[in-house]
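First the structure, in the form of structure tokens, and then the observations on it.
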């Protein structure tokens, strides 16, 4: 209780603290409110400097959605795929950085970049949850406006597949109408994949890798090689002696595991929305995507688990 005649507001009865002053009597703190210096001293005038939107080129990004149908749900479809392309751009950037690091025998930076790619793929997996809010009826209303465009025509996704070792010369054809893009995709097809460079790393570390595995036709998909598996077997049996290679192996398994999850969610989302209809690009749709689930990117790393 307050003493008689004491009109001061009471503080906490247990701490003996003074009560806060009423708002209209609160002391002024410079820069704590809107004024000439801005809100909490934040800069508000960007007429002569770069703003957040300027730095991110938001005008270009946010003006890149152009629905062709009158259907409300097409905006979701467009943004889902555009954001996926942005994440794939970052995944390619990180993978190529990791590849350069492996070539230079700088493995710790490569581990960081590979871990980031795995997290990017997790982000892409979660993105399917947003697209799956589209019902079959909603997709059917906008599908005629898509023409023959299809996700398998994504030149960034194709480069990602090639960089991870799933090579297919036929997949150049969808980009023949764009010579600049075709050149990018072809260069990735004809270069060693990330795993090819890791196998070369094994050879540099003294493991006897077959010469035909080290110098092969890079445009062809990888096949299981006994000498590569034997090298990984030694690494897994004696991880303390080959710690960097052991960590590299596990980073690659993490990466392929995340990629498999992305593929699986792709299949289930397609089945949920269009069932087993033919894809807009002419593929069989869900059956084609299910077949892709059987693709193994780093075969020796999976088979060695049985051998151990």
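Glycine too: its Cβ is placed from the backbone N, Cα and C atoms.
Model, not experiment: these values are computed from the prediction.
Per Swiss-Prot, the feature substrate binding site maps to 77, 78, 79, 80, 81, 139, 143, 280. Look at residue 139 (substrate binding site): DSSP puts it in a helix. Sequence-distant contacts of residue 139 (substrate binding site), defined by Cβ-Cβ distance under 8 angstroms and a gap of at least six in the same chain, are 73, 77, 273, 274.
Classification of residue 266 (heme binding site) by DSSP places it within a helix. Using a 10 Å radius centred on the Cβ of residue 266 (heme binding site) and all shown protein chains, the other Cβ atoms total 20. Sequence annotations record features per position, and here Swiss-Prot assigns heme binding site to 266.
As annotated by Swiss-Prot, region 'Disordered' applies to 1-37.
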Integer Å distance between the CA atoms belonging to residue 266 (heme binding site) and residue 78 (substrate binding site): 16
Among 81, 143 [binding-site residues], residue with fewest other Cβ within 10 Å: 81
Pairwise CA distance, residue 79 (substrate binding site) versus residue 266 (heme binding site), rounded so that it is a whole Å: 16
DSSP three-state assignment for residue 80 (substrate binding site): helix
